[in-house]
């Protein structure tokens, strides 16, 4: 076999669409048609899935971790997220082509990983692995969406609560019920093109709100030379957990790649993934740095609290509330994408006379109502959801991707890579897995401490 043929086989087996010396990609996933989006809209949609209200807790996270430790860790966390997302999509595209599928969602991708594995145990339990991955993502998405309802209702109470009677909790339930109508409306659309349009409009509101906050923040006297470079172990771990949770878009990676008109553009050097990660990293690092150095030890758990409530600044919460309202359909799209086909097949077989549109809308209404009930019925939900985020989010970002990549390419690596190259890939993936396991254990510990403290402290 010639050297050129060997290089071509290596690229094919590894699932990459990388360019050779003449600049042409040897392996390109086929183009898609139908309900697809362009790379630009994919960047906007993926960015919006990562830009949420959790971002505005980053300056407080920097306070917990220390200025320069948090600065360095921001890039480390972003790099780990990029790496996990990159190898996830690469393995997914490889298995989709191998199984003659145009695309794979996260659960079916996990199943295909096991189906094509050389390990009999994995082949025999591929459905169990798929269910575990799906449940992990389900809890993560439902948690994010229920917290979004809390965020919207809390801001509505702040705006009009003085004109309402009852306790604050009763007002929160009323405002959550009001927002439920609009959330249901945005979740009735099935096409990614429409969901990505909501993401575009939501991004506009987010950018306006963020720009107002940053404009006020950079006017504050900068205190970078007075702030501690580092803090303690517990604070640093909490900072890492909050920063991991700020990258809320891990579960949107495959749904967006599956709807991209040109799949090769997702992993290109300046493609959808790399562009999105650069934008998100730059914004989150700037917000954390300027927010913490601007307000110092007086930084609030959410920086929006440090912004005045009069004049132009009074519009911040309105803009952020609107972006959460429109962005809800993006997070819920993951749930629909994973579960609806299986539900429709089983429901249609049991109730063949029910129109397809009715089962579709009923399915969507059910899951939105679940998030609503979580928001209004579970006490102190806002401090318990980060526990779900640090576990499910870290599994999706740092545990599943390297494990699935090694299983997917294990046989190919043995035949096409040198021993040193193979050991290097395995070493990198094992390091990422170890970091992910450490983040989960430490995150669970710190979040449980916060939950116990919160329940032990009486409400004002």
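Each Cβ is built from the backbone N, Cα and C atoms, and glycine gets one as well.
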For which of the residue intervals 36-59, 60-83 does TrEMBL record transmembrane segment? 60-83
Near the transmembrane segment (129-152), which same-chain residues lie under 8 Å Cβ to Cβ, leaving out any that are not at least 6 residues past its ends? 52-53, 106-108, 110-111, 113-114, 122, 172, 175-176, 179-180, 183, 248, 251, 320-321, 324-325, 327-328, 331-332, 334-335, 338-339, 367-368, 370-372, 374-375, 378, 381-382, 385, 388-389, 392-393, 395-396, 400
Thinking of Cβ pairs under 8 Å, which stretch from 60-83, 172-190, 230-247, 267-292, 312-336 has the most of them with the transmembrane segment (384-405)? 230-247
Considering only Cβ pairs within less than 8 angstroms, which of the stretches 60-83, 172-190, 230-247, 267-292, 426-452 has the most against the transmembrane segment (197-218)? 267-292
Per the Cβ filter (under 8 Å) with a sequence gap of at least 6 from its ends, the transmembrane segment (267-292) is approached by 16-17, 39, 42-43, 46-47, 50-51, 55-56, 58-63, 67, 70-71, 74-75, 78, 81-82, 85-86, 89-90, 93, 210, 213-214, 217-218, 227, 243, 246-247, 249, 253, 256-257, 260, 299, 303, 306
Let me check one thing: do the transmembrane segment (60-83) and the transmembrane segment (312-336) come into contact, meaning three or more Cβ pairs under 8 Å with sequence separation of at least 6? no
Which stretch from 230-247, 312-336, 426-452 shares the most C-beta pairs under 8 Å with the transmembrane segment (172-190)? 312-336
